[in-house]
Amino acid sequence: MSYAKTQTQSKSGYQAGVKDYKLTYYTPDYIPKDTDLLAAFRMSPQPGVPPEEAGAAVAAESSTGTWTTVWTDLLTDLDRYKGRCYDIESVPGEDNQYICYVAYPLDLFEEGSVTNMLTSIVGNVFGFKALRSLRLEDLRIPVAYLKTFQGPPHGITVERDKLNKYGRPLLGCTIKPKLGLSAKNYGRAVYECLRGGLDFTKDDENINSQPFMRWRDRFLFAQEAIEKAQAETGEIKGHYLNVTAPTCEEMLERADFAKEIGTPIIMHDYLTGGFTANTTLAKWCRRNGVLLHIHRAMHAVIDRQKAHGIHFRVLAKCLRMSGGDHLHSGTVVGKLEGEKGITMGFVDLMREDHVEQDRERGIYFTQDWASMPGVMPVASGGIHVWHMPALVEIFGDDSCLQFGGGTLGHPWGNAPGATANRVALEACIQARNEGRNLFREGGDVIREAAKWSPDLAVACELWKEIKFEFEAMDTL
């Protein structure tokens, strides 16, 4: 980079002026420590900016550096606290695009704070003029730092015990239309879906407390629906009551009321609500024995562009640290963005104890979760009964499959729509347990089940031509 090299020597040895970032922050001989937090950035420097200088600038501007030397550097140990760009590699097939690896000392981050961690790593550097684009692809969170976080309130194993549901994915449905229903009609829709065979129903992400349906009324009618459906079916049911609110105080007031009326699970929009609010709510949920469903509303604004932003695998890791028992993760086969290998990479990062580096799935670092509970992935968005075999094969048992339009769009109503999905799921689980390959034989499995389930047969006929086949934006 071209700078005006104006420097002034003081008696103390301090040199004022501007110097290249790479002189301080590019350290290719550095060997990362087990306690370092590691980051992989996809970067495109401006013309004329060497990749070493750009990588060093990323390390500097996301840790201790600024655009000029400052005399207060002499008051601290810069080598102890600075971020270090320790490796840079070209991205195959891309012109002027590089993966830049940065190691951050653990002391740079407040314990147990995703908010502080992200403020440091991505808070300022993404607007740096020397970079045309920058994307945070992955983080390696050291075990020493993970141990300062509570993580999910309960996790997958505890949730299954609470619900007494084993050996299959959970089934859910988002109530539609997402806006405009009265609280009583909303509760009616919840009841019909749950009695039809679903485990959960869900508030949509933008249902909070609007004039047409205030939160307290919705909570009461939804809980009445849960209790009636449980009494009829003998199964434990739930509805994700969205407690996202304008302030943390109001959020906790809604959570307290949900617990008081007996709901087993509540919901939060973690990106629009913020990580501070989410961590607060996750800790409340563990103290109070309530499950926490997390919606990722706004994620595509941050993660969909390949060259700039933050990859969802990072947002998923941050959620596991901040706390949540469920997290929406795409479907691979539905209407929302999601290439299979990349999607399953971050799904494993959500629910497994240890995940090895696997660049083919976009996993840049080996991640040990140090016994932190896992997060159940939620597949939701444009799925219907014909997708069931693929969803069971792709996501396995430890997942929640949510059919919104694929339940409520059934010609005979909500309860038959729920029954169609439950029959399709049970048929796929039985076929899988018998050793059948659902990728090859899934269509036959659904057709066989439809012969003795009129509800499923009608759903199969309605959605037999519906596909969402578009090229994925998120590729390696």
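Note that Cβ sites are derived from N, Cα and C of the backbone, with glycine treated the same way.
The following features are taken from Swiss-Prot:
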{"type": "ACT_SITE", "residues": "Lys176", "note": "active site, proton acceptor"}
{"type": "ACT_SITE", "residues": "His295", "note": "active site, proton acceptor"}
{"type": "BINDING", "residues": "Asn124, Thr174, Lys178, Arg296, His328, Ser380", "note": "substrate binding site"}
{"type": "BINDING", "residues": "Lys202, Asp204, Glu205", "note": "Mg(2+) binding site"}
{"type": "MOD_RES", "residues": "Lys202", "note": "N6-carboxylysine"}
{"type": "SITE", "residues": "Lys335", "note": "site 'Transition state stabilizer'"}
Candidates Lys176, Lys202, Asp204 (recorded positions) with Cα within 10 Å of Ser380 (substrate binding site): none
When distances run from the Cα of Asp204 (Mg(2+) binding site) to each of the recorded positions Asn124, Lys176, Lys178, Arg296, the nearest one: Lys178
Max CA-CA distance, Å, over listed substrate-binding residues Asn124, Thr174, Lys178, Arg296, His328, Ser380: 36
Lowest local Cβ density among Lys178, His295, Arg296, His328, which the record lists as recorded positions, within 10 Å: Lys178
Nearest recorded site to Lys202 (Mg(2+) binding site) by CA-CA distance, among recorded positions Asn124, Thr174, Lys178, His295, Arg296: Thr174
In sequence order, the recorded positions (Asn124, Lys176, His295, Arg296, His328) whose C-alpha falls within 10 A of Glu205 (Mg(2+) binding site): His295, Arg296
Those residues of the chain, 6+ apart, with a Cβ under 8 Å from that of Lys176 (active site, proton acceptor): Asp204, Gly404, Gly405, Leu408
Neighbour tally for Thr174 (substrate binding site), based on other Cβ positions within 10 Å of its Cβ: 24
Env. residues of Mg(2+) site, Cβ within 8 Å of mean position of Lys202, Asp204, Glu205 Cβ: Thr174, Ile175, Lys178, Asp203, Asn206, Ile207, Tyr240, Asn242, Met267, His295
Alpha-carbon distance [His328 (substrate binding site); His295 (active site, proton acceptor)] in Å: 6
Least surrounded among the binding-site residues, given as Asn124, Ser380, when other CB atoms within 10 Å are counted: Asn124
